[in-house]
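Chemist: Quick paste from TrEMBL:
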BINDING   B:ALA156, B:VAL157, B:SER158, B:ARG159, B:CYS160, B:GLY161, B:LYS162, B:THR163  ADP binding site
There are 2 protein chains.
Amino acid sequence: MPNPIKRTVFFVSDGTGLTAEALGHSLLTQFEDVEFKQIRIPFLDNIAKAQDAVARINAQGELDGMRSIVFTTLVNQDLASIVHQSDAFCLSYFETFLSPLEAELGQKSNHTVGRSHGTADSSDYKKRIEAINYTLAHDDGITDRDLEESDVILVAVSRCGKTPTSLYLAMQFGLKVANFPLIPEDFDRGRLPSTLERHRPKLFGLTIQPERLTQIREERRAASKYASLPNCRYEIAEAEKMMRREGIRWLDSSTKSIEEISTTILQELKLR
Amino acid sequence: MPNPIKRTVFFVSDGTGLTAEALGHSLLTQFEDVEFKQIRIPFLDNIAKAQDAVARINAQGELDGMRSIVFTTLVNQDLASIVHQSDAFCLSYFETFLSPLEAELGQKSNHTVGRSHGTADSSDYKKRIEAINYTLAHDDGITDRDLEESDVILVAVSRCGKTPTSLYLAMQFGLKVANFPLIPEDFDRGRLPSTLERHRPKLFGLTIQPERLTQIREERRAASKYASLPNCRYEIAEAEKMMRREGIRWLDSSTKSIEEISTTILQELKLR
């Protein structure tokens with residue numbers, strides 16, 4: 001087999017560059033046979049930094065023996081034009097899409113550096129911070145106080161991904177999320193904890209393949225009954241039976257990312 | 001003043017649509033005079049869903065009296081071409097950038113739906129989950145065990161944003177983050193807690209404007225000494241003095257988003 005093609009990719013932005021990286025990354029995953037070295041250059045907000053970036057991009061191209069690839073989300077046109085004078089292959093997000101959008105809207109864009117993440121004094125931002133605090137305070141059934149304030153209540157047996165999903169929903173969407181473990185006592189009693197019954201429309205369940213659950217639990221408590229495959233099978237079967245009986249929507253988290261799980265929950269609970 | 005222009009924007013993806021939304025949003029913030037209603041359509045992965053989306057997009061356009069605007073990150077070309085037959089103004093991320101990138105790389109793209117967030121069985125994903133667990137277990141000085149495993153240790157007086165920043169670094173970048181409050185006892189003693197001294201290269205500080213800190217603390221404990229402006233001024237002055245003396249890099253979080261703070265920390269500690 002020939003050596004894989006290697007290319008260096010820069011994500012250049014006047015903000016954090018997180019959006020540039022996310023979108024560049026989704027394009028690069030379309031080329032399996034190429035090995036990409038990825039470098040993010042954030043906060044490029046003056047001419048000196050733009051010139052430094054060009055020097056770095058060009059030096060990398062010479063080192064690689066192949067010109068670099070550059071994704072930019074620079075709003076400032078002067079800075080963008082400096083970066084575009086590098087020897088690299090440049091794909092410019094704003095230059096590509098802003099003109100057609102201006103034409104469609106019949107408006108000129110204001111060409112200000114985007115604060116797409118919201119700053120510390122915006123109300124969106126405060127909402128996110130409050131949501132994170134709420135979610136941390138309502139992790140893993142710590143308390144059933146203030147559940148009426150919650151936007152979502154996740155239920156699942158231990159180690160299905162409740163905590164990361166809860167935190168992601170809080171951080172990304174500003175949702176207040178509580179999560180509760182389903183435990184053998186709940187299955188013996190054959191019904192939901194009574195504090196949760198009142199909040200049924202907000203409940204969402206996670207489940208998982210028993211084989212996957214036993215792997216995850218083994219890493220935590222090796223050779224325990226808790227982690228054994230028969231016990232994982234039992235807990236999951238009981239949890240699914242309960243969710244079915246109680247009319248709780250759920251999804252199987254086995255092969256899903258936190259982002260996919262969160263997006264599905266938003267859709268199912270019609271939260272946006 | 002005339003009524004603001006109102007337009008509906010759809011973000012259409014075969015994945016979560018989070019990237020489509022982030023990049024679309026950064027473009028839309030360039031048009032201050034337009035009021036955008038934003039709708040995300042995720043998991044569009046078959047013809048029936050594509051046709052439903054077209055019906056929804058067209059109906060919205062008729063309702064608005066102005067055609068809708070659609071950002072797509074559809075990898076599947078058959079589905080993309082259905083969506084592009086809608087009456088909307090369509091901007092297609094993959095169609096725009098994939099061909100030039102194919103030419104540059106001398107490779108055809110594989111046109112598979114991106115899993116840019118990583119799935120539950122990838123090693124990246126496991127790393128993220130472990131990082132989240134580590135970070136939760138090392139929040140707010142709960143423990144100084146296993147600090148050698150950490151990638152970053154944040155220090156700051158109470159309510160500067162340590163916890164949200166730590167969780168974001170863990171969730172987004174798979175970094176293990178511990179955070180410790182700087183408290184009056186540390187200032188009286190005039191030095192860092194001894195458990196932290198050994199880890200100086202990983203330390204990073206947050207500070208904040210006293211006026212902003214007093215606001216935040218007032219929401220938590222109104223009319224307390226803790227929240228008072230003189231006390232906030234004192235704590236911040238002492239914390240900055242200590243960080244300066246100990247050679248700890250820091251930033252002012254007053255007007256920064258979690259994403260901006262996190263990106264700066266990665267840069268300063270050269271973590272990527």
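Numbering starts at 1 and runs along the chain as displayed.
Note: Cβ is positioned from N, Cα and C throughout, glycine not excepted.
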Chemist: Within 10 angstroms of the C-beta of B:VAL157 (ADP binding site), what count of other C-beta atoms is obtained when all protein chains are considered?
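Modeler: Neighbour count, Cβ to Cβ under the 10 Å cut-off: 26.
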Chemist: Write out which of the listed binding-site residues, namely B:VAL157, B:SER158, B:ARG159, B:CYS160, B:LYS162, lie with a C-beta under 8 A from a C-beta of chain A, sequence order kept, or 'none'.
Modeler: none
Chemist: Can you list, in sequence order, the residues of the same chain other than B:ALA156, B:VAL157, B:SER158, B:ARG159, B:CYS160, B:GLY161, B:LYS162, B:THR163 whose CB lies within 8 Å of the CB centroid of the ADP site?
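Modeler: The answer, listed by sequence position, is B:ASN179, B:PRO181, B:LEU206, B:ILE208.
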Chemist: Sequence gap of 6 or more, Cβ distance under 8 Å: name the residues on the same chain that satisfy this around B:CYS160 (ADP binding site), in order along the sequence.
Modeler: B:LEU206, B:THR207, B:ILE208, B:LEU213, B:SER253
Chemist: Look at the binding-site residues B:ARG159, B:LYS162 and tell me which residue has the greatest number of other C-beta atoms within 10 angstroms of its C-beta.
Modeler: B:LYS162
Chemist: What kind of secondary structure is B:ALA156 (ADP binding site) part of, going by DSSP in three states?
Modeler: strand
